[in-house]
Structures are given as structure tokens and as C-alpha cells.
Amino acid sequence: MTQQYTIARLGHQGDGIADGPIFAPRTLPGEVVTGGVEGQQLTDIRIETPSDDRVKPPCRHYKACGGCQLQHASDPFVAAWKVDIVRAALAAQGIEAEMRPIHTSLPHSRRRATIAVRRTKKGTLAGFHGRASDVITEIPDCHLLAPELLAAIPVAEALAVLGGSRKGILAVTLTLSSAGLDVSVQGGKPLDGPLEASLAQAAEQQGLARLAWDGEVLAMRNPPYQQFGAAKVAPPPGAFLQATKDGEAALLSTVQEIVAGSKKIVDLFAGCGTFSLPLAADAEVHAVEGEPTMTQALDQGWRMAQGLKRITTEARDLFRRPLMPDELRKVDAVVLDPPRAGAEAQVAELAQAQVPVIAYVSCNPVTFARDAKAIVTAGYTLNWVQVVDQFRWSAHTELAASFTLSHISG
Ligand SMILES: C[S@@+](CC[C@H](N)C(=O)[O-])C[C@H]1O[C@@H](n2cnc3c(N)ncnc32)[C@H](O)[C@@H]1O
């Protein structure tokens, strides 16, 4: 039976929510919609009264593809919604802060993507998964990926022909690097001699910088360097990298502004040195990261670079063994950029240590707000928050925030 609803708000996944709650994907607040109800989900949705913020989705794949959730909303609406998500998460913890204007990455700027590839009777099917489904949607005109990345989808298909099983779906992570395409494949056939040889040959023919298969490097014509400040780093296969260059630059310049003038910095959850290496132009940095292959890559990048101050690295699980206050003595500033779970254990120690300046980069407003509350309770001021949208048209929100001990707040 068809029912009518008015959308009250968007949820954290970007779905419209009406009283009930009833979830209506790809609708906007204020819209009157009709459809059938299955559980809490509105299906076969018709927009009866569209919002003024509704726009024609720019990408022709939007209807079927699960890669984007918010292409039906105007840019100003998405920008305000993402900033509001952060503001509301902080308000739920009793914190108010200045929100700076959002930085949003341009279309066609994603430098890294994981393409799903399935072998079919005719050959292969490559693209993104559909919304909450196993169906793969082809994306030849994707508006997210950088043109060079889009042009590399046939590489993923060729690898699937060689090493994809008939039943499984291959996850092919493509990353642009200064030496060409860096490819890391998960979920392929187990390696044996002949497969290894044919994949290595394909890597050569396709001119790949590097090919890794389930974590094992099969071919490396050139190290797939990423430039971090004055240093270049070859990250381990599949290692974390900020999704867009301009998003990385926005986060970095925000972090640089927060820690400006610091001579001794600790960078926690440092990855391969996205922040540590540029910061080492002016400060000594101790970089701590859980994954040893990443700290090794960072260290190697630092050793090859010219003119940087000292960087020390440490592979350490910061959830189980956070840096303790006595390890943070004489430190001028801490940068932290944890995964989605946030940094509860580390923040508890940071609060004790009373390091004068904290730059907190986050990909999860909820855990950020929880940790911000602990930091503020320990006597810090949250000066401002910069929201950065590297995941354009998705429900994902990232930010960088400036904290200073209250007696030195500016
Ligand atoms: C959001 S990434 C940030 C990396 C880096 N700051 C950058 O911008 O490229 C989070 C990093 O935390 C690391 N990580 C995850 N869990 C960790 C843990 N328990 N202890 C230490 N590092 C961890 C991941 O390996 C990843 O490099």
C-alpha cells in the first residue's frame, strides 16, 4: 500500500528520515514523498513535493551506483549538512565551537579507489557496488575519480581475467603515484608459479609502478612514490593515503596553522608521514603509527630527503599502549589522526600531559566529539573546527580541530 511521508531530516548515512522512523534514501528534508513500506524502509519512492535543494544528479550512474549518496542535493546543502553533523556531535557533548567554511574536493579528484571486478561468461564486470548490494555497476563516466584513475579500470579487468575466480569478487585498489599506477589486489586466486608469472608479465605490459596480490608484491618497476613535503615515500601496498590531493593539502595546511611555531611535535597515528614529513621542515617530529611497514616507509622517505629536521619513528599500538604523560614532556604540540574509532585511551593520557597545543584530525565526528569532551574537560579550549570534504557526495565527514590549553588560547 502506498503511503505518504514528509522527510524531517537526513540520517548519518545520508538517507532521508520521516517519522516512524521511516528511511527514504535519496530524499531531502521537507520533501513530501510516497512509496511502499518494507520494515523501516520506504521503497519505490516518488517525490511529490521536491525540495529547493534538489538538483539533477550530475552523474548518469547515480541511480544504480552505490558510490555516491548525495548527488541529488545541491552543493550548498551538502556543505551545510556536513558542517551541521560536526556541530551537532559537539553539541551533544555540550561543546560549542567556531566552524570554519568547509573545504570540498572538486569532482574528478579522487586519486585512489577500490574497484570491484567479477569475471563473467563474456569477460569481466568492473565498477562500484550498488547501494547495499553485491551487484556491480559499471562507472565509465564516474564523476569522483581522477581521469587517470578512471582510465585505469581496464587494468583491473585484465588482472581479473588472469587471477579472478569465477565466483568471487576481486577488490582492486588503484592509486595514482608519481611513478604511475600502484595496484593492490585482494580476493584473487591463490598464487602459484604460473599465475605469479602471468601477473608479473601483465604488470610489465600495463606499465604498472607496482602490483601486489593479497599483500605480496609481485612486480615493482618503479617505487610508487607519494610526495609529502620535501620527501617522497613509497607506502606499503594498500596503505592508508588521504583520498584527494587537495583534501590532503587542506588538512595539512590546517594542521600547520595549528602547530605553527612548535619546535617539538609528536604525530600520532602518523601513517606514512602525510603530516610528519612536511612538519619536519620546521620542527623535530616523533611519528607513532601502529603498522610497522608504514613507519619503515616514513623513515626511509625521511632519510632520502634533504633539509628536514630529525624525525624519529615508533611502531606502537596506541589503543593498547598510548603514549604516557612522561613521554610527552617538553613536547610543544601533538597532532593526532586516528581511525574511525577515535583515540579514547590516548586522549586520556594527553589530557594528563597538558601538551600546550593539540591538532586533532578526524574522520568520525561522533568519536571526535567524545574525545573533544575529554580534552576540553582537561582544561583546553576548542578554538575552531575546519571541516574537510574529500568524499564528495558521500555521507562521510572529516575535520581538523585546534585545541590549546585555556590559559594560552588565542
Ligand atoms: C586516518 S589514518 C591517518 C594516517 C596519517 N595521519 C595520514 O594522514 O596519512 C589512521 C592511521 O592510524 C593507524 N592505526 C590504526 N589503528 C591504530 C592503533 N591502534 N595504533 C596506532 N596506529 C593505528 C592506521 O594504520 C592509519 O595509518
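Every residue number used here counts from 1 along the chain in the order it is shown.
Including glycine, each Cβ sits where the backbone N, Cα and C put it.
In the record from TrEMBL, residues Q242, F269, E289 bind S-adenosyl-L-methionine; the candidate from D192, D332, D337 listed for the same site is D337. Residues Q242, F269, E289, D337 make up the record's S-adenosyl-L-methionine site, and a Cβ search at 8 Å around their centroid adds F240, D267, L268, A270, G271, T274, F275, P338, V361 from the same chain.
Under DSSP, E289 (S-adenosyl-L-methionine binding site) is assigned to a strand (E or B) in the three-state scheme. Figure note: comparing Cβ neighbours within 10 Å for the binding-site residues E289, D337, the maximum is reached by E289.
A simple Cβ count within 10 Å picks out one of the recorded positions Q242, F269, C363 as the most packed, and that one is Q242. Across the residues annotated as binding S-adenosyl-L-methionine (Q242, F269, E289, D337), the widest Cα-Cα separation comes to 15 Å.
With respect to their backbone Cα atoms, C363 (active site) and D337 (S-adenosyl-L-methionine binding site) stand 8 Å from each other.
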